[in-house]
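Residues annotated as transit peptide in Swiss-Prot: 1-37. As annotated by Swiss-Prot, region 'Disordered' applies to 38-61. Summarising the annotation, Swiss-Prot assigns domain 'Glutaredoxin' to 66-168 and lists sequence analysis as the type of evidence. Taken from Swiss-Prot, the feature glutathione binding site applies to Lys83, Lys120, Phe132, Ser145, Asp146. Taken from Swiss-Prot, the feature [2Fe-2S] cluster binding site applies to Cys91, supported by similarity to another entry.
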Amino acid sequence: MAASLSSRLIKGIANLKAVRSSRLTSASVYQNGMMRFSSTVPSDSDTHDDFKPTQKVPPDSTDSLKDIVENDVKDNPVMIYMKGVPESPQCGFSSLAVRVLQQYNVPISSRNILEDQELKNAVKSFSHWPTFPQIFIKGEFIGGSDIILNMHKEGELEQKLKDVSGNQD
């Protein structure tokens, strides 16, 4: 009886894809019937500060978010705005973009857009591009993971990154 009940519970849970409410956002990724990743992000006032997203830019900062994005793009030969960080991407598209860029042994600067919704909106406004990741090379907006992958396959990315310091190819 217990095995049957737990089996039905597991099957029911496995069929859940995503839940959204005003208090909670949750998503799970399944592969071959097995849960590979699950996340829950509380978004209510009762959430302890340790579990709330952090804001990297102090609210009283004299730099506007637009200035921060402009400086990021200008000061970093390879800049990626992504979900997560290069060492731990939080979505498949961000992971793909990082893996492609890492093939060229170039220093990758990044910002985690999951940590600051206002920064995320500022980046969208700056690039006029709605999705993430967003990759800039030598100050030029390139696009997302699909564009980087296509450039890699066509040999264009190697040319674009040819004189970026740290490139050992």
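Cβ atoms here come from the backbone N, Cα and C positions, even for glycine.
Location within the structure of each feature annotated in Swiss-Prot.
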residue: Lys83; record: glutathione binding site; CB count, 10 Å: 18
residue: Cys91; record: [2Fe-2S] cluster binding site; CB count, 10 Å: 17
residue: Lys120; record: glutathione binding site; CB count, 10 Å: 19
residue: Phe132; record: glutathione binding site; CB count, 10 Å: 22
residue: Ser145; record: glutathione binding site; CB count, 10 Å: 25
residue: Asp146; record: glutathione binding site; CB count, 10 Å: 12
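Rounded to a whole number, the C-alpha distance linking Cys91 ([2Fe-2S] cluster binding site) with Lys83 (glutathione binding site) is 6 angstrom.
Predicted-model confidence for the domain 'Glutaredoxin' (66-168) is 94, expressed as mean pLDDT.
Of all residue pairs in Lys83, Lys120, Phe132, Ser145, Asp146, the annotated binders of glutathione, the farthest apart have Cα atoms separated by 19 Å.
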